[in-house]
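Each remark here refers to the structure printed beneath this line.
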Amino acid sequence: MPHIYKQPLGIFQGFVPTLTDAEVSFIAQRQLLTLPENGELPDDIEYEVDLKVTFANHRLKRAYIALQAWKKAVYSDPFNTTGNWHGPHVCGYTGVFCAPALDDPDVAVVAGVDLNGADIAGHLPAELGLMTDVAMFHLNSNRFCGIIPKSFEKLSLMHEFDVSNNRFVGPFPSVVLSWPAVKFIDVRYNDFEGQVPPELFKKDLDAIFLNNNRFTSTIPDSLGESSASVVTFAHNKFSGCIPRSIGNMKNLNEIIFKDNSLGGCFPSEIGKLANVNVFDASMNSFTGVLPPSFVGLTSMEEFDISGNKLTGFIPENICKLPKLVNLTYAYNYFNGQGDSCVPGSQKQIALDDTRNCLPDRPKQRSAKECAVVISRPVDCSKDKCAGGSSQATPSKSPSPVPTRPVHKPQPPKESPQPNDPYNQSPVKFRRSPPPPQQPHHHVVHSPPPASSPPTSPPVHSTPSPVHKPQPPKESPQPNDPYDQSPVKFRRSPPPPPVHSPPPPSPIHSPPPPPVYSPPPPPPVYSPPPPPPVYSPPPPPPVHSPPPPVHSPPPPVHSPPPPVHSPPPPVHSPPPPVHSPPPPVYSPPPPPVHSPPPPVHSPPPPVHSPPPPVYSPPPPPPVHSPPPPVFSPPPPVHSPPPPVYSPPPPVYSPPPPPVKSPPPPPVYSPPLLPPKMSSPPTQTPVNSPPPRTPSQTVEAPPPSEEFIIPPFIGHQYASPPPPMFQGY
């Protein structure tokens, strides 16, 4: 880590211990106790403070009140940065900058605060809203906790706001939306959560840094209205598609989507981004082939799409983009590439094609692994993320409706295919995206963004159940998820505090392009305006290995860059995780319970005969399998069959199911299953099993399986909340 710091900050090297969760909670509570009603300050608050000192003007008095309140809110100041914060001469305080007021050149006011890298622990008092002349607020690489006070809305002259690499929590700080002149917003490396407001992208901003937080939901369609040159979404939990409006971002130079739960096909509109230098969509769940429009990315220098589920051919023209320096498409399922795309064919371009399905190339996936994905290509013309109707899936579900129930008992074998899951190596890659989402609905309805809506309804309806198997297969995909420790990622970056120089805000947009290729930029990266400010490279430390690949991001995205490229390779090991699914056969019984339901759902279908009984299994997931089994017995006949049902799929048990010829009746009794479903929370699961058993494993799953991976609908990341202890 020492190499991350510049001279002025060299003394920081691991010298001060980080805050414990208990301390963070304590500081947050201190802030809550001091916040006024609604977090707003009365206009006459300064008159409520009895001061025996005189000030050059009223504004400096207000600044004094604010800074003294802030000093009292400091919990730890290892370098005594605020040691001289006493007396009326606030312009002499360390980290405080004064300048002539914009509305009156004869009046000196506090125009900026720069405490970058001071390693101060504490919270932000509401009184800071008194410094209404502040245009620059830089706090990156400290240990501030709590929330951004609502009183910050009064800082209407704010131009640069950098609170990166701290421990702030709560929803996106909406106060930034009230600043008419703000150009630079950096909230990286914190614990902000929830949705990002669509209004953020409607502001006239130069740079937006959201990476390494806990944001969820989809990326707003308003993204295309942004005037920003740099936008980073990396290392969060965004799901869904890349908005097609992205093609309208005329000023965009760098955009990072790395390590989220995004999926579907790439929208062809990306090809309109003729000014983009860095595009990183690695470690997600994108599917389909690369749009031909990508040939329009004529300014592209760093292009990373590794760690996804992309298939097809890497076109020659993409590998010959005029300014291309680095193209990484490892950990996908490409089965062909142009001659210019072969690593080593172009000395001036770094190419990485490992862990694909390319013939005659080293370090590729096994034939079995590739077959699972390549045999089920995704039709992007029908994918909603690419602008298609995405109705193919629903149509399929109706067709299988009642006819296939009996025929598909054998399909259960397909479940192993999910085991192959195409995303094995990438899985380790990705860290958090998939896991959180899958738990909520193993049904996988949301995952199949394109077809999920249709598939889910069918599942519940009598015929649709057939598609349910697809969800099961999807489950393996989530398993692949590299979703292992995005959060851990976040904290390591702290080092890059060299931001004090940031004051020069004008440099915002320029930094990005220049810094791209050279990893060194990270130090310069901090506040966009001043390359130095961007040093917040806290991210670099975290993702130190990848820095080379994403060095471009450093320009404005220094921290993210490191986070971006190398990671994919690191996680190659995870693929094994999916191999287990094949064994699913033996564990079918457990599947019924809950974890495996997605993968094991196929087995239940096999037991179509005892579907009635099987419907109860849904309850088993809840851990009350017996009860459900008993209740259904009357309608279905013999509860025991259910127990046998798990095994039947593959072995002797099948006879029992056969004995329960009732299955045919089952179709008539479908009504009963519904009843069963009503008791259990998983009603959908119950009704489908009866009929779907046979249908479930159908070809539909295979075709859909691959599409579902996108996880487009998952927004239920429950994990994030737990992370906020004490709030």
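We count from 1, first residue shown onward.
Note: Cβ is positioned from N, Cα and C throughout, glycine not excepted.
Residues or ranges marked as signal peptide in Swiss-Prot: 1-22.
Residues or ranges marked as repeat 'LRR 1' in Swiss-Prot: 19-43.
In this structure, Asn80 (N-linked glycosylation site) belongs to neither helix nor strand by DSSP; it is coil. For Asn80 (N-linked glycosylation site), the number of other Cβ atoms no farther than 10 Å from its own Cβ, over all displayed protein chains, is 10. The N-linked glycosylation site annotation in Swiss-Prot covers Asn80 (among others).
Annotation source Swiss-Prot lists repeat 'LRR 2' at 107-131.
Under the heading repeat 'LRR 3', Swiss-Prot lists 132-154.
The repeat 'LRR 4' annotation in Swiss-Prot covers 156-179.
Summarising the annotation, Swiss-Prot assigns repeat 'LRR 5' to 180-202. Helix, strand and coil residue tallies for the repeat 'LRR 5' (180-202), in that order: 5 helix, 7 strand, 11 coil [DSSP].
The repeat 'LRR 6' annotation in Swiss-Prot covers 203-226.
Marked as repeat 'LRR 7' by Swiss-Prot: 228-249.
The repeat 'LRR 8' annotation in Swiss-Prot covers 250-273. Summarised as a single figure, the pLDDT of the repeat 'LRR 8' (250-273) averages 97.
Residues or ranges marked as repeat 'LRR 9' by Swiss-Prot: 275-296.
According to Swiss-Prot, the feature repeat 'LRR 10' maps to 297-321.
The Cβ of Asn326 (N-linked glycosylation site) has 22 other Cβ atoms within 10 Å, all protein chains considered. The N-linked glycosylation site feature in Swiss-Prot is assigned to Asn326 (among others).
Under the heading region 'Disordered', Swiss-Prot lists 381-727.
According to Swiss-Prot, the feature compositional bias 'Pro residues' maps to 397-419 (among others).
The annotation region 'Contains the Ser-Pro(4) repeats' is assigned in Swiss-Prot to 432-727.
With DSSP classes pooled into helix, strand and coil, the tally for the repeat 'LRR 7' (228-249) is 5 helix, 7 strand, 10 coil. On the backbone, the CA of Asn326 (N-linked glycosylation site) and the CA of Asn80 (N-linked glycosylation site) stand 44 Å apart.
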